[in-house]
Amino acid sequence: MSLLKMEYNLYAELKKMTCGQPLSLFNEDGDFVEVEPGSSFKFLIPKGFYASPSVKTSLVFETLTTTDNKITSINPTNAPKLYPLQRKVVSEVVSNMRKMIESKRPLYITLHLACGFGKTITTCYLMATHGRKTVICVPNKMLIHQWKTQVEAVGLEHKISIDGVSSLLKELKTQSPDVLIVVSRHLTNDAFCKYINKHYDLFILDESHTYNLMNNTAVTRFLAYYPPMMCYFLTATPRPANRIYCNSIINIAKLSDLKKTIYAVDSFFEPYSTDNIRHMIKRLDGPSNKYHIYTEKLLSVDEPRNQLILDTLVEEFKSGTINRILVITKLREHMVFFYKRLLDLFGPEVVFIGDAQNRRTPDMVKSIKELNRFIFVSTLFYSGTGLDIPSLDSLFICSAVINNMQIEQLLGRVCRETELLDRTVYVFPSTSIKEIKYMIGNFMQRIISLSVDKLGFKQKSYRKHQESDPTSVCTTSSREERVLNRIFNSQNR
């Protein structure tokens with residue numbers, strides 16, 4: 001820990017990393033406060049900030065020679081086999097760490113690698129290479145299984161803890177496994193933080209973008225007050241401000257053979273309204289809709305739009321164009337709606353629900369990986385980050401209000417490299433509720449733009465359903481509306 005006065009150059013360097021976001025740190029009294037320029041307080045500067053050689057400092061950081069927390073179950077023959085790009089990452093990490101050791105810098109590195117790169121297996125290789133006792137911290141238990149599989153493949157002694165940290169501490173008094181796989185809420189326990197700071201050298205923060213370290217969270221406090229000897233942040237979409245806690249980044253681009261297509265399933269609807277819809281419309285401009293809660297609630301009860309989504313999915317699935325589908329909503333009730341409707345059509349052998357309230361969901365996710373055809377309905381919160389079903393070939397985005405980081409993570413669910421190359425995403429920019437028509441169009445255009453400009457998708461117009469079924473809800477009400485629709489689409493390509 002280093003308590004320092006906030007001199008101008010230090011403040012400028014830290015503030016630059018926040019990209020306009022308020023800079024917040026722990027002060028000498030232990031309060032987590034916004035840092036003002038010229039402040040007379042001393043602040044706790046995160047250890048990982050000094051990982052970059054561009055940060056000038058006279059501070060000297062302890063090295064691995066001061067600890068003896070070595071893995072005992074290591075077997076070099078169990079090291080995973082890596083692809084060339086993954087080996088390149090390992091080479092970059094080892095080279096950077098040698099330089100850090102020579103210059104007595106903290107061994108903190110962010111691995112900024114694309115969705116589907118294989119961050120888990122690459123990090124397990126690094127873990128085995130370092131030979132140091134390791135804590136793997138995940139944001140939710142959905143991610144436990146993929147880590148368990150890779151750690152077991154390396155042959156490392158490990159312990160998984162997702163519930164009570166108190167019972168874990170009791171077990172650690174008699175045994176200290178080489179690898180601990182825990183959920184981040186364990187870091188709310190100071191005794192546990194002290195224990196891993198003393199007995200474990202390597203800390204791996206998986207999906208680091210899910211933590212806003214400019215907030216006073218358990219992870220923020222852990223990194224500030226109990227900084228590990230070595231640390232990896234793993235993410236495909238790094239938060240700029242989090243770099244303050246891990247100020248060295250390795251990013252290696254991945255070329256892909258995947259054929260990625262995004263369809264905008266557009267349609268004009270007759271205006272649709274109910275008493276419930278009219279009630280929610282009144283709240284659109286109020287403070288209760290600050291995070292677009294009512295915008296998403298309106299989408300969840302937009303029956304013509306919901307029917308369009310169902311019609312499109314059913315037609316594509318029955319035709320065999322797509323086979324392993326992820327359906328994503330923002331709200332739980334919207335998820336349940338689609339699940340029930342699809343369950344009636346295809347049955348429980350095909351349709352599954354990713355419900356955060358069901359403790360059996362992780363086991364169910366594990367089981368459907370072996371299926372050739374399935375429909376998995378879930379929420380953005382539960383499955384938008386870290387869902388490990390590599391065989392997914394299609395994604396239906398039923399919600400609209402999604403930030404750029406969430407969009408990239410969500411699209412990454414269908415960008416895992418497999419022998420099958422076709423990947424398809426469906427978005428639905430139309431709504432029958434006129435009060436949110438342009439808002440939904442703008443949000444959907446952001447999803448399309450990011451997928452095309454950053455992730456290599458090709459945008460195509462989806463006309464099959466509208467043309468094949470003139471009686472469906474997506475039929476336009478007049479020839480003039482069809483013309484306007486084409487004009488609108490051409491302007492937004």
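Placement of Cβ uses the backbone N, Cα and C atoms for every residue, glycine included.
Here the structure is a predicted model, which means the values were calculated and not measured.
If you look up Swiss-Prot, you'll see 100-256 marked as domain 'Helicase ATP-binding', on the strength of sequence analysis. The ATP binding site annotation in Swiss-Prot covers L113, A114, C115, G116, F117, G118, K119, T120. The motif 'DESH box' annotation in Swiss-Prot covers 206-209. The domain 'Helicase C-terminal' feature in Swiss-Prot is assigned to 309-456.
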Under a three-state DSSP reduction, the secondary structure at C115 (ATP binding site) is coil
For ATP, residues beyond L113, A114, C115, G116, F117, G118, K119, T120 with C-beta within 8 angstroms of the site's Cβ centre include exactly T122, A236, K254
Top of the binding-site residues G116, G118 by count of other CB atoms within 10 A is G118
